[in-house]
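> Take a look at this one; I'll ask things after.
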Amino acid sequence: MHFLVALVLLGQIIGSTLSSQVRGDLECNDREAKEWADQAVRYINEHKLHEYKQALNVIKNIVVVPWNGDLVAVFLKLNLLETECHVLDPTPVEKCTIRPQQNHAVEMDCDAKIMFDVETFKQDVFVKCHSTPDSVEDVRRNCLKCPILLSPSDPHVVDSVEYVLNKHNEQLSGHVYEVLEISRGQHKYEPEAFYVEFAIVEVNCTAQEAHDDHHHCHPNTAGEDHIAFCKATVFRSHASLEKPKHENFESDCVILDVKEGHAHSHLIEHHIGKYSTSPGQNSTVECVAECPVAFVNKEVPTDISDRHTTPVKGCPGKILHFQL
């Protein structure tokens, strides 16, 4: 199984804390290289529309070249690892747990270009990333019965999410939730089950209206919506062709403290609707009209020139976590 996601980002960051004395002879393990990489990773996490926050794993290459006037161009090749924090989770990425290899880890390779003005500290950032999970063969080689990643749109995954959400809504008098995004699904063994992770939001519907495919529910007004991230296991066979009805399940939902104006508050309207699965697997994601305000709709280069990313002394840097 192969998953591919291309994340194309263009934006602007003002007020950098980096020194105006930009070194041009950086090696991948230098402190300054880590600062540049952190800037790129922070930007990715602030503008990523789906799934999980990313953490720096390896600085593969860094090249700093003079540009026009006071501008300096910093070219980076980065390897990132998926964390267990959803993009809506306000937890700083430094405190997020890296998804372990036995839980079918996912890596992301990114090319980043940062245009830095040494006088004003203004930055323009361009990032392009491809996300790929560990291969099923590698997962099973290291752990024969570890859960295997499924597509978020897999029927068993979607059915499991709907089943758990309906059970929750039945128990919450006066509160109805809908799915914002199905972020992850896995097939588990001994006992056989489906493990799912998904984000939900409270909506202004009655329970009856929520079950009506012709009725469109909307999140509560700003400041009133409750957003939660759920992890659940539904115990059922992969061979089962019917939707779950009376299966045993375990679930845990945590309310996320997403403030109005938070970098990802746009996700509420971006995702709301039935069967909202993440497009991050087997798909390409690019900026369109619905992207956050920080994006600009104009032609941008899609590749970072190889002449700026040729291997340099001291690169690649050390592996901070593990290599897939």
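Please read every residue number as a count from 1 along the shown chain.
Any Cβ shown, glycine's included, is placed from N, Cα and C.
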> Can you tell which of Cys85, Cys96, Cys110 Swiss-Prot lists as bonded to Cys129 through a disulfide?
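According to the record, the bonded cysteine is Cys110.
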> Give me the count of other Cβ atoms within 10 A of the Cβ belonging to Cys217 (disulfide bond).
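Here the count is 19.
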> Considering only the disulfide-bonded residues Cys96, Cys110, Cys217, Cys315, which fall within 10 Å of Asn204 (N-linked glycosylation site) when distances are taken between Cα atoms?
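The disulfide-bonded residues close to Asn204 (N-linked glycosylation site) (Cα within 10 Å), listed in sequence order, are Cys217.
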> In the domain 'Cystatin fetuin-A-type 1' (22-130), how many residues does DSSP put in helix, strand and coil?
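Its residues fall into 23 helix, 52 strand, 34 coil.
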> If you run through the domain 'Cystatin fetuin-A-type 2' (141-254) with DSSP, how many residues end up as helix, strand and coil?
23 helix, 42 strand, 49 coil
> Have a look around Cys85 (disulfide bond) and count the other CB atoms within 10 A of its CB, chains all included.
22
> I'd like to know which of the disulfide-bonded residues Cys143, Cys253 has the most other Cβ atoms within 10 Å of its Cβ.
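Output for this query is Cys253.
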> Restricting to the chain of Cys28 (disulfide bond) and a gap of 6 or more, list residues whose Cβ falls under 8 Å of its Cβ, or answer none.
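Looking at Cβ-Cβ distances below 8 Å from Cys28 (disulfide bond), excluding near sequence neighbours, one finds Val58, Ile59, Lys60, Asn61, Ile62, Val312, Gly314, Cys315, Pro316, Gly317.
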